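Feature annotations, courtesy of TrEMBL:
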| type | residues | note |
| --- | --- | --- |
| COMPBIAS | 1-14 | compositional bias 'Basic and acidic residues' |
| DOMAIN | 48-82 | domain 'RNase L inhibitor RLI-like possible metal-binding' |
| BINDING | SER64, VAL112, LEU135 | S-adenosyl-L-methionine binding site |
| DOMAIN | 86-212 | domain '16S/18S rRNA aminocarboxypropyltransferase Tsr3 C-terminal' |
| COMPBIAS | 243-268 | compositional bias 'Acidic residues' |
| COMPBIAS | 276-298 | compositional bias 'Acidic residues' |
Amino acid sequence: MAKGKNKEKDEPRRSNKTSNGHSKRVHHTKGRQETKYSSVMRQAKFPTKLAMWDFDHCDPKRCSGKKLERLGLIKSLRIGQKFQGIIVTPNGKGVVCPNDREIVEEFGVAVVECSWARLEEVPFSKIGGKFERLLPYFVAANPVNYGRPMKLNCVEAIAACLAIVGHQDWALELLQNFEWGPNFLKINKDLLEMYNECTDSESVLQAEKDFLEMVEQERESRRKLKSEVDIWELGNPNKKFDEEEEDENESDEEDEDEDDVYESEEENILIIDVPGPEDEEYDEEEEEELEEEEEGEEEKTKEEDGIEKEED
Ligand SMILES: C[S@@+](CC[C@H](N)C(=O)[O-])C[C@H]1O[C@@H](n2cnc3c(N)ncnc32)[C@H](O)[C@@H]1O
């Protein structure tokens, strides 16, 4: 039973045997009788069958498969037992596609609850079934692998499969059992819309390829744009280095620059010296600092001009 998170509504009492013929465990918590049967009822209520082969690799507190099991939404399968529905597995051949809808509706979805780091320990030949599938590109929303592509946990993998075949409602129903869950559908909204328009595995793979190419192109043009902007913001680099050399010779002034920040006594403003490429902490992305440097440089030039004129 999930700790204090049992959201099950009161269910009508039924036989005290589970679907496997085992006796239902009964827990007495704070005067309330909680039975495993409510879980069984929930599974019966979920619109399709969900199953997993659980290899007990993961911390039960963080394992999404185990949580689904505690909620009675998923059934554990034995090694050697095959599954008739769609099996979302790293061992899959094709990818899940909208054409899988009927299989999902009739026979359900299964996953392999194991650690990503211990996949080689999984006896894939002894589990699985006729419809083993990979998932196309998705980004994980779970706290363990947040933001990482492809490494979905079990509930995300099942939800992704349900959503691809057009059952976003079922996907959401499942994900809502996790605080972060609905975010999975939000961050993958565009991808899902794209996959929903496909038909078979090939068309999903093509959509995935187009999407990844588009992302790469956007990344490339952002990179180009940024480097152009940086060049303009830096001004004339030759001029900058000449000036720095001159500054180095003026050793008295240099002491004031020790922390790269000093105060202009005349105008009482902070002038920040932006580190150059030779400085250890130089960061190309600090655009704001570069802007301030330009302004600082202008101020400095004005000051120096003023001094020279006075000396003249
Ligand atoms: C490796 S387990 C990790 C489970 C995790 N410990 C949890 O809490 O859910 C995740 C399972 O989800 C399914 N899965 C996740 N991402 C997948 C993908 N890109 N392709 C196929 N199956 C995937 C597989 O069944 C995989 O074994």
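From the backbone N, Cα and C atoms, a Cβ is placed for every residue, glycine too.
Location within the structure of each feature annotated in TrEMBL.
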residue : record                               : Cβ contacts under 8 Å, 6 or more apart
SER64   : S-adenosyl-L-methionine binding site : ASN142, ASN153, CYS154, VAL155, GLU156, PHE178
VAL112  : S-adenosyl-L-methionine binding site : MET52, TRP53, PHE55, ILE87, THR89, PRO90, ASN91, VAL122, PHE124, ILE127
LEU135  : S-adenosyl-L-methionine binding site : VAL88, GLY92, VAL95, VAL96, MET150, LEU152, ALA157, ALA160, CYS161, ILE164
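With DSSP states grouped into helix (H, G, I), strand (E, B) and coil, the domain 'RNase L inhibitor RLI-like possible metal-binding' (48-82) comes out at 7 helix, 8 strand, 20 coil. The Cβ centroid of SER64, VAL112, LEU135 marks the S-adenosyl-L-methionine site; residues of that chain outside this set whose Cβ lies within 8 Å of it are GLY65, VAL88, THR89, VAL111, GLU113, LEU152, ASN153, CYS154, VAL155, GLU156, ALA157, ILE158, given in sequence order. Under the DSSP three-state reduction, VAL112 (S-adenosyl-L-methionine binding site) is assigned to strand.
Once the Cα atoms of SER64, VAL112, LEU135, the listed binders of S-adenosyl-L-methionine, are compared pairwise, the greatest separation found is 18 Å.
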